[in-house]
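Taken from TrEMBL as is:
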type	residues	note
BINDING	46, 53, 54, 55, 109, 114	ATP binding site
BINDING	206, 220	Mg(2+) binding site
BINDING	271, 328, 329, 330	substrate binding site
DOMAIN	9-55	domain 'ATP-grasp'
Ligand code: ADP
Ligand code: MG
């Protein structure tokens with residue numbers, strides 16, 4: 001899960017990282033009110049989307065840039081009006097862009113230089129990776145490619161906190177000395193603490209600006225939380241839905257179903273993530289495109305199957321459904337019953353291909369045959385994929 005900038009900044013503030021005063025608004029009027037309360041001028045209005053590159057982005061309504069400097073609360077209101085409810089396209093969103101539902105209104109900082117700072121995983125070395133650069137800001141991706149020596153990297157063993165000497169060494173490598181070194185080390189240690197405390201996989205400040213008085217400010221923040229740790233990051237759960245744009249995906253999270261929306265027309269319901277991946281591969285081989293990845297889980301019960309069905313059917317692009325169940329621990333007769341029950345409430349108006357195999361498959365088949373459900377039975381995975389794709393071609 002990617003936190004929006006305003007939410008990421010809340011976490012940084014809690015750890016004592018200096019962030020320019022800001023507020024977050026869902027309406028132009030609320031943006032105006034925040035602007036009136038902020039003392040310093042000019043002000044900055046920033047579109048809140050779960051992707052970077054906003055500064056150089058473009059709105060579909062023609063507005064240039066998702067980060068705008070404004071001179072007055074009136075101007076903040078006008079800009080917020082044009083941002084909220086519009087789609088912002090950046091180098092990181094894909095051409096479909098992302099809908100802006102909130103804007104951040106912040107005091108502006110008189111920047112003298114921009115620093116890049118991040119902590120992430122390095123899977124290949126089983127350690128954490130600190131990255132920093134004196135050439136931070138909106139061009140950092142370009143610098144990483146064209147001038148990689150401008151980026152300082154340091155691998156540290158994962159530990160509860162960063163040692164002082166590690167933080168100082170990193171700051172020295174970045175060329176800081178004296179008071180600035182002390183302050184940068186403190187910020188880095190706080191960023192590290194944020195990373196560990198919230199089960200993040202990325203904590204990035206870009207830019208960490210230095211103002212004319214040589215004071216640091218985190219002007220942008222990107223924090224990615226490991227979804228598998230959300231069960232113990234309860235206070236972050238509230239942020240979960242604001243960055244998910246696919247209605248099926250957000251419903252799946254609520255129902256505890258593993259679902260990822262894709263752009264094909266074959267709805268897949270499979271038990272086990274590996275089998276779900278294999279099903280998508282084989283569909284692809286036969287020239288079909290899956291509409292989704294859906295793993296109902298190894299121990300799915302009837303309500304889980306019903307939830308999965310409801311989520312599948314709410315996708316209007318579907319033209320055929322493929323159910324692929326391999327009963328290991330899961331019994332095929334229980335699954336067959338669950339399918340029959342689920343289709344009573346959510347009757348599909350499109351063809352259904354079912355492949356069942358494994359524990360108590362005979363009993364499962366009998367249950368399906370004795371029901372009023374219309375479906376096509378497949379003998380194996382290949383047969384199932386071929387049949388599903390044939391429906392598409394009809
Ligand atoms: P993104 O990384 O998505 O483009 P940023 O928040 O980093 O968005 O903003 C882009 C640039 O806008 C920053 O590199 C910085 O130069 C400027 N900027 C952002 N926030 C402020 C602010 N509060 N005061 C002054 N300049 C800012
Ligand atoms: Mg940025």
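The backbone N, Cα and C atoms fix where each Cβ goes, glycine too.
Any TrEMBL annotation is an automated prediction that lacks curation.
Overlay of TrEMBL annotations on the structure.
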residue	record	DSSP class
46	ATP binding site	strand
54	ATP binding site	coil
109	ATP binding site	coil
114	ATP binding site	strand
206	Mg(2+) binding site	strand
220	Mg(2+) binding site	coil
328	substrate binding site	coil
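Residues near residue 220 (Mg(2+) binding site) in space but far in sequence (CB under 8 A, at least 6 apart, same chain), listed by position: 5, 52, 205, 206, 207. Across the fold, the C-alpha of residue 46 (ATP binding site) and the C-alpha of residue 271 (substrate binding site) stand 42 Å from each other. On its own chain, residue 330 (substrate binding site) has 271, 298, 299, 300, 358, 359 as residues at least 6 apart in sequence with a Cβ closer than 8 Å to its own Cβ. Cβ neighbours within 10 Å of residue 329 (substrate binding site), excluding its own Cβ and spanning all shown chains: 9. For residue 55 (ATP binding site), the same-chain residues that are 6 or more apart in sequence and have a Cβ closer than 8 Å to its Cβ are 65, 66, 67, 138. Neighbour density around each Cβ, counted as other Cβ atoms within 10 Å, peaks among the binding-site residues 206, 271 at 271. Residues 206, taken from the binding-site residues 46, 54, 55, 109, 206, 330, are distinguished by a CB atom under 6 angstroms from ligand 2. Taking a Cβ distance under 6 Å to any atom of ligand 1 as the criterion, the binding-site residues 109, 271, 328, 329, 330 reduce to 109. Most Cβ neighbours within 10 Å, among the binding-site residues 53, 328: 53 holds that distinction in the structure as shown.
Residue 271 (substrate binding site) falls within neither a helix nor a strand when secondary structure is assigned with DSSP, and so counts as coil. Across the residues annotated as binding ATP (46, 53, 54, 55, 109, 114), the widest Cα-Cα separation comes to 19 Å. Residues within less than 8 Å, Cβ to Cβ, of residue 54 (ATP binding site) and separated from it by at least 6 positions along the same chain comprise 46, 47, 65, 66, 67, 88, 90. Annotated pair residue 114 (ATP binding site) and residue 328 (substrate binding site), C-alpha to C-alpha distance, rounded: 56 Å. Taking the mean position of the Cβ atoms of 271, 328, 329, 330 as the substrate site, the remaining residues of that chain whose Cβ falls within 8 Å of it are 272, 298, 299, 325, 326, 327, 331, 358, 359.
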